[in-house]
Amino acid sequence: MPAGPVQAVPPPPPAATEPKQPTEEEASSKEDSTPSKPVVGIIYPPPEVRNIVDKTASFVARNGPEFEARIRQNEINNPKFNFLNPNDPYHAYYRHKVSEFKEGKAQEPSAAIPKVMQQQQQASQQQLPQKVQAQVIQETIVPKEPPPEFEFIADPPSISAFDLDVVKLTAQFVARNGRQFLTQLMQKEQRNYQFDFLRPQHSLFNYFTKLVEQYTKILIPPKGLFTKLKKEAENPREVLDQVCYRVEWAKFQERERKKEEEEKEKERVAYAQIDWHDFVVVETVDFQPNEQGNFPPPTTPEELGARILIQERYEKFGESEEVEMEVESDEEDEKQEKAEEPPSQLDQDTQVQDMDEGSDDEEEGQKVPPPPETPMPPPLPPTPDQVIVRKDYDPKASKPLPPAPAPDEYLVSPITGEKIPASKMQEHMRIGLLDPRWLEQRDRSIREKQSDDEVYAPGLDIESSLKQLAERRTDIFGVEETAIGKKIGEEEIQKPEEKVTWDGHSGSMARTQQAAQANITLQEQIEAIHKAKGLVPEDDTKEKIGPSKPNEIPQQPPPPSSATNIPSSAPPITSVPRPPAMPPPVRTTVVSAVPVMPRPPMASVVRLPPGSVIAPMPPIIHAPRINVVPMPPSAPPIMAPRPPPMIVPTAFVPAPPVAPVPAPAPMPPVHPPPPMEDEPASKKLKTEDSLMPEEEFLRRNKGPVSIKVQVPNMQDKTEWKLNGQVLVFTLPLTDQVSVIKVKIHEATGMPAGKQKLQYEGIFIKDSNSLAYYNMANGAVIHLALKERGGRKK
């Protein structure tokens, strides 16, 4: 603390005038003698501190001691107000001034300078002209509050001109239409990278928000803005005053910055002048083994850090007791949580179970005993008998590691039966119990070991393996040589075939197809191809889909070798409806594979006209092991176009010798079957090609039409009203489909971008009108949810 001399006279006047000053003042007036007289026993502060003390004393005298307590609380860290403390040397002067102001003897302090300096300043100010005095007064003004920031200035970021225009235009629309427009825009353009600045974590979001505020102030100006602008337009002097104040504030900030830099420089120079390495060892203290000292108990780094924080908080706020109570409460909470945790037992069941990964924590919870509820008392200071002083102790040396378990300590795993090191047993148990199929893996590994290495098999396995060997090698252990190898392949374990399933991801599609094709043999592929082509007769024992004739008797096809001896009354292999003008069939010769078409019906059996003779064909070369079945040269008019000859393996269609077929006789004219009746209009799906032109439809139909919209029932979309209701709208035919979507949005809340409309099998587009799709009165439109990224179903 600054110390001042205890004196009866202030220091400024010289020694010759000291005894004369009080006598002159007493002669002038007795009333002013009391405040001007120096008091013996009071330390007078320096002029700059005296001004603060006098002002504070005047305020405290007027407002009471509550004001003093408020100043002491607000300025607790300000050293200029240390005179408020009772232990400060200037506190007596402060109390003296407070009593003088209460009695009305003291005057309000004008400045913290001596009287001689005040008289000189008054004389000089009287001599100066008025303009200079005004300048001096203006220079002493210090701005208190910063000027208001510019509301319509925002530095644009370094982006392209197009992106800047997008941000500005979006901000203008948001300022005009409100926050609801911003929410809808974010939902609609959430996948558009051009509008990423709408997200709060984007770098342009602050600039966008500033633009919205500026546009909002322009479109919806505050109440006093017009009055302020009108006043500034009529009185330019006010604008100049604002500019001058802003300039003075900039100068003040610059002076403050320079002052801080000068203080830092002074502090740096003061630190540089200290020779930190210039020290002298005064004394070395050696502690003897039998010496007993009153030292505090040892602390941990955590406790030391907590003590430092408590001390700093006490110096700052004076809340040491509350902090200690908070620390104790935290420790008690942790102890209660640990005590409430029940000790869990490790499940030793060998069945397949889904184990949690927290098994290690549970085991540790078993081994570690719960902490005691009562806090442990602090350790007592060590006694001389217990203290061991080590002279070679190095606190920086690394602590010795705990002894590792011996490498030859192995434990048998209860899961796999393998020998596991003791250090890795816990990790092995955790990993083994994570897999619920460890039993299958264990059995499979045991079987593989038994089949690979028979040397280490137990006694019963040796007996069974010898029996298997005797059954396979009867030339050694028996008398029949024909039984050699009869058991080969029979002892193979019949493993259940794992079905290949697809998980639904596009990345695993090719891998799943390869896995499914790996289990299919070549024979199964050939059979599947011939079943699809119709070359193989279907099994009548299997259940067929679709209606069948009640009087139809399924018959097996005759062998190919007796095809020439079939009587004329034998029915064909497959019969189809035919017109009445068709002549009766004579013989069945060739089976043709005709693909199934929707209409007209096609025949699967080729019949020859009467009078034709079947001659034997030359033998077919068997090198490629395939038979080519040729088609007849002509066919009845009811048959479909002739397909190419089918290539059939010999295992399914043997090729008997057949004579070449001569040209048949001219067939009588056959009338085609009557066409099938058209399907009803409700079952037909329209296409855009079948629609009537828009102009012609408008000429035929005039006036508005009533349209029904079938809304789906989607309970998971709670934000939309999709309860399966039917919406009815009356619209003119010239309106576009987008008008319907807007009305659906108003009724259900479903955005137009999420709507998918279908009318009679056609997905209608927004840009086309109702007349384009030939919508009549009472047309029904089905509403569905548009799935982004997927194909239209």
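Going from the start of the chain as shown, residues are counted 1 onward.
Note: Cβ is positioned from N, Cα and C throughout, glycine not excepted.
Annotated in Swiss-Prot:
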CROSSLNK  Lys20  SUMO2 cross-link
COMPBIAS  21-34  compositional bias 'Basic and acidic residues'
CROSSLNK  Lys131  SUMO2 cross-link
COMPBIAS  320-334  compositional bias 'Acidic residues'
COMPBIAS  354-364  compositional bias 'Acidic residues'
COMPBIAS  368-384  compositional bias 'Pro residues'
COMPBIAS  388-397  compositional bias 'Basic and acidic residues'
CROSSLNK  Lys424  SUMO2 cross-link
MOD_RES   Tyr456  phosphotyrosine
COMPBIAS  488-502  compositional bias 'Basic and acidic residues'
CROSSLNK  Lys499  SUMO2 cross-link
COMPBIAS  509-518  compositional bias 'Polar residues'
CROSSLNK  Lys542  SUMO2 cross-link
COMPBIAS  563-572  compositional bias 'Polar residues'
COMPBIAS  666-675  compositional bias 'Pro residues'
REGION    680-702  region 'Required and sufficient for nuclear import'
CROSSLNK  Lys686  SUMO2 cross-link
MOD_RES   Tyr759  phosphotyrosine
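In the compositional bias 'Polar residues' (509-518), helix, strand and coil residues by DSSP number 10 helix, 0 strand, 0 coil. Long-range neighbours of the compositional bias 'Basic and acidic residues' (388-397) within the same chain, counting only residues 6 or more positions beyond its ends whose Cβ lies under 8 Å from a Cβ of the stretch, are 287-289. If you take the Cα of Tyr759 (phosphotyrosine) and the Cα of Lys424 (SUMO2 cross-link), they are about 68 angstrom apart, rounded to a whole number. In three-state terms derived from DSSP, Tyr759 (phosphotyrosine) belongs to an extended strand segment. Using a 10 Å Cβ-Cβ cutoff, Tyr759 (phosphotyrosine) registers 19 neighbours. If you average pLDDT over the region 'Required and sufficient for nuclear import' (680-702) in this model, you get 70.
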